[in-house]
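*Asks:* Let me give you the structure first, and then I'll get to my questions.
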Amino acid sequence: MSEKYVVTWDMFHMHARKLAERLLPASQWKGIIAVSRGGLFPAAVLARELGLRHVETVCIASYDHDQQGDLKVIHKAETDGEGFIVVDDLVDTGNTAREIRNMYPKAKFVTVFAKPAGAPLVDDYVIDIPQNTWIEQPWDLGIGFVPPLARK
């Protein structure tokens, strides 16, 4: 990936709330299926904003920090997805999204961020990201000392 897009907690929360607005009225939903791990964060925001208490997970391993590998389903919610929102932080190449679509064909699949290759596979998202851009999510970052410019 040649570019990086750094997301702060404030930005993420704002975008996740915007996604929640698009999912109203809340009465149409039975619950949320969060794609672990990136989808756990927007799932918490959606659950709060939509007043939903039923939150399931689907655990699919595909990344090792910035390298995408083979998909491995570790755990899946036992439903066809009817009445459920499936949420992930990002749709990138679409590999994970295709697997999720097969598992939950009746769910509404949403993400906060979408890259061009994966965007057609989700029902809704908030922010377009160029395909060659790596997203640094706030849960992957820490706060550290930065030396003054004069010391570099």
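Even glycines carry a Cβ here, placed using N, Cα and C.
Feature table excerpt (Swiss-Prot):
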type: BINDING; residues: Arg37, Gly38, Asp88, Asp89, Leu90, Val91, Asp92, Thr93, Gly94, Asn95, Thr96; note: 5-phospho-alpha-D-ribose 1-diphosphate binding site
type: BINDING; residues: Asp89; note: Mg(2+) binding site
type: BINDING; residues: Asp92, Ile135; note: xanthine binding site
type: BINDING; residues: Asp92, Ile135; note: guanine binding site
type: BINDING; residues: Asp92, Thr93, Gly94, Asn95, Thr96, Trp134, Ile135; note: GMP binding site
*Asks:* Cα of Asn95 (GMP binding site) to Cα of Ile135 (xanthine binding site): how many Å, rounded?
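*Replies:* Approximately 17 Å lies between the Cα of Asn95 (GMP binding site) and that of Ile135 (xanthine binding site).
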*Asks:* Check the binding-site residues Thr93, Gly94, Asn95, Ile135 for other C-beta atoms within 10 angstroms of each C-beta and report the one with the most.
*Replies:* Ile135
*Asks:* Taking DSSP three-state, what's Thr96 (5-phospho-alpha-D-ribose 1-diphosphate binding site) in: helix, strand or coil?
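*Replies:* Reduced to three states, the DSSP call for Thr96 (5-phospho-alpha-D-ribose 1-diphosphate binding site) is helix.
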*Asks:* Tell me the Cβ contacts of Asp88 (5-phospho-alpha-D-ribose 1-diphosphate binding site) under 8 Å, same chain only and six or more apart in sequence, or just say none.
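*Replies:* For Asp88 (5-phospho-alpha-D-ribose 1-diphosphate binding site), the qualifying residues are Ala34, Val35, Gly38, Gly39, Pro42, Thr96, Ala97, Ile100, Phe109, Thr111.
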*Asks:* Quick check: in three-state DSSP terms, what is Arg37 (5-phospho-alpha-D-ribose 1-diphosphate binding site)?
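*Replies:* The residue in question, Arg37 (5-phospho-alpha-D-ribose 1-diphosphate binding site), is coil (DSSP, three-state).
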*Asks:* Could you state the whole-number distance in Å separating the C-alpha atoms of Gly94 (5-phospho-alpha-D-ribose 1-diphosphate binding site) and Trp134 (GMP binding site)?
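*Replies:* Just about 15 Å between their Cα atoms.
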*Asks:* Validating a neighbour-count step here. Other CB atoms within 10 A of the CB of the residue listed as 'Mg(2+) binding site': how many?
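*Replies:* For the residue listed as 'Mg(2+) binding site', the 10 Å Cβ neighbour count is 24.
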*Asks:* Taking the Cβ of Arg37 (5-phospho-alpha-D-ribose 1-diphosphate binding site) as centre, how many other Cβ atoms lie within 10 Å?
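*Replies:* Counting Cβ neighbours of Arg37 (5-phospho-alpha-D-ribose 1-diphosphate binding site) within 10 Å gives 17.
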*Asks:* Measuring Cα to Cα, how far is Thr93 (GMP binding site) from Ile135 (xanthine binding site) in Å?
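*Replies:* Per the Cα atoms, Thr93 (GMP binding site) and Ile135 (xanthine binding site) stand 13 Å apart.
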*Asks:* Using C-alpha atoms only, work out the spacing between Trp134 (GMP binding site) and Asp92 (5-phospho-alpha-D-ribose 1-diphosphate binding site) and round it to an integer in Å.
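*Replies:* One finds 10 Å between the Cα atoms of these residues.
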*Asks:* Just the number: how many Å between the Cα atoms of Asp92 (5-phospho-alpha-D-ribose 1-diphosphate binding site) and Ile135 (xanthine binding site)?
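*Replies:* Distance between the two Cα atoms comes out at 10 Å.
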*Asks:* Could you state the CA-to-CA distance between Arg37 (5-phospho-alpha-D-ribose 1-diphosphate binding site) and Ile135 (xanthine binding site) to the nearest Å?
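*Replies:* Each residue's Cα considered, Arg37 (5-phospho-alpha-D-ribose 1-diphosphate binding site) and Ile135 (xanthine binding site) end up 15 Å apart.
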*Asks:* Rounded to a whole angstrom, what is the C-alpha distance between Asp89 (Mg(2+) binding site) and Ile135 (xanthine binding site)?
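*Replies:* Cα to Cα, Asp89 (Mg(2+) binding site) and Ile135 (xanthine binding site) are separated by 10 Å.
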